[in-house]
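Chemist: Quick one: the structure is below, questions incoming.
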Amino acid sequence: MRVTQFDTRDPYSYATGLGNHETEALKGALPIGHNSPQKAPYGLYAEKISGTAFTAPRAENKQAWVYRVLPSCAHSAFEPLDDDVNPGTTDAAQPNLLPEFHLVPNQTRWDPFDLVPGVDWVRGLRLLAGAGDPATKTGVAYYVYTASQSMGADTAFYSADGDFLIVPQTGALDIETEMGRLFVRPMEICVIPRGIRYRVSLHEGVPVRGYILELFQGHFSLPELGPIGSNCLANERDFQVPVASYRVQQTKDAAADDDRRCLLQAKFGGRLFQATQKHTPFDVAAWHGTYYPFKYDLGRFNTIGTISYDHPDPSIYTVLTATTNAHPGTAVADLVIFPPRWLVGEDTFRPPSYHRNVMSEFMGLIAGDYIAKGGGKGGFQPAGASLHNVMSSHGPDAGAFEKATNETLVPDKVGQGSMAFMFESCYMMGVTDWGLKACQKVQEHYSEESWDGLKIYFDPCGRPRGE
Ligand SMILES: [Fe+2]
């Protein structure tokens, strides 16, 4: 699978790669050799968006210059977002965004999360787990998202708290951002950086569901390849970046068009706020820089594995990483995937071994079955999830162990039609009230059902099993 064969065609064009980009939807809208000319072309305003401190090292520095109809500061005061703006929501359908976490050592697994009716992208966010605090720019948050309706045509959203790494499981996301449009389907992932304004529509009204990792600190980048060399894993050329696209202004004097004031919704410190503005936020005619949204087709991942024996660490499946500067190789968060791949290890227990790690592991399943777990009702299912926290022991369930230790070892293509992923983090993950109780998806007997069936085969006389 070099490229995913999607059911739904992507209607947009993209630039490729993760370096500096420049793009204009109107010829000549991008000043040449200048960021802030006295008068920007076409009467546009120049505006800078910084994603790192001004003085961050050049290799890490992320910023963009956008050229837009009105600066983004031209909006009313923010007010807390209340239910009046979204009639029809109920208490059970409230967003859950405050980072208030319970630390529990148990292995935890969730049945597939429900599609919530009557909510858009913003109202459908549910905080499941996380660590840290957006106010101090430390840690991460994991969400389940669902939406059964598009955001309003003149509504935009941004998170001041962190970058959103979006992993769709059901339905295509049609995302209009300040910097252009993205079409993101299951088997693709998308990153929308902190502060970038966007609007999510459902393609042909099909409800959507998936997972989000919000990164409170730093940004994602490609992992180092070390001895692998200059290619493989996720190749930089396969990342797709939107090209500038702006809406046509309805009237020259937008203030006279008050009935069409746009809504600007913000997530700030885990709370939602709303302001209005007289002009659409999607008014950027040109931009350049290194701070922008992007997407990636997981089908393009070039998977590495053993061709001799033993089971390598899953770090070989890392798509994106956000590193801690304090400890090289230790990630705030990694996105790891388990794509279709050949297993050929000789005299090898081929599923993941039993383990407990210093890192926490949150897993989700986009489609299909996962090699180390049984699927079906009560198992690890698409749209479900699991959390194996810091030093929480886990591994193949009893059935997967029996199969893996008794099967004849021949080259085997596993994971066909399947895609599991993992958010791996150096932080101890807490789970929210919603994740532990309100969602009603926790599998109460996950541990017993998985590992109570493991038999004791130990024989101090060293006789082979089964004799
Ligand atoms: Fe694990």
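Using the three backbone atoms N, Cα and C, a Cβ is placed for every residue, glycine included.
Fair warning: this is a prediction, and the values are worked out from it, not measured in the lab.
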Chemist: Considering the Fe cation binding residues E361, H394 given in TrEMBL, which of H327, H355 is annotated for that site as well?
Modeler: H355
Chemist: Let me make sure I understand the structure: which of the binding-site residues listed (H355, H394) has the fewest other Cβ atoms within 10 A of its Cβ?
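Modeler: Comparing Cβ neighbours within 10 Å for the binding-site residues H355, H394, H355 has the fewest.
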Chemist: Give the subset of the recorded positions H311, E361, Y370 lying near ligand 1, defined as CB under 6 A from any of its atoms.
Modeler: E361
Chemist: When a 10 Å sphere is centred on the Cβ of Y370 (homogentisate binding site), how many other Cβ atoms does it contain?
Modeler: 25
Chemist: How big is the Cα-to-Cα gap, in Å, between E361 (Fe cation binding site) and H311 (active site, proton acceptor)?
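Modeler: Cα-Cα, rounded: 17 Å.
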Chemist: For Fe cation, what surrounds H355, E361, H394 with a Cβ no more than 8 Å from their Cβ centroid?
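Modeler: Sorted by sequence, the hits are P352, R356, N357, H388, S392, S393, G395.
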Chemist: When you measure from the Cβ of H311 (active site, proton acceptor), how many other Cβ atoms are you left with inside 10 Å?
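Modeler: Excluding its own Cβ, the number within 10 Å is 16.
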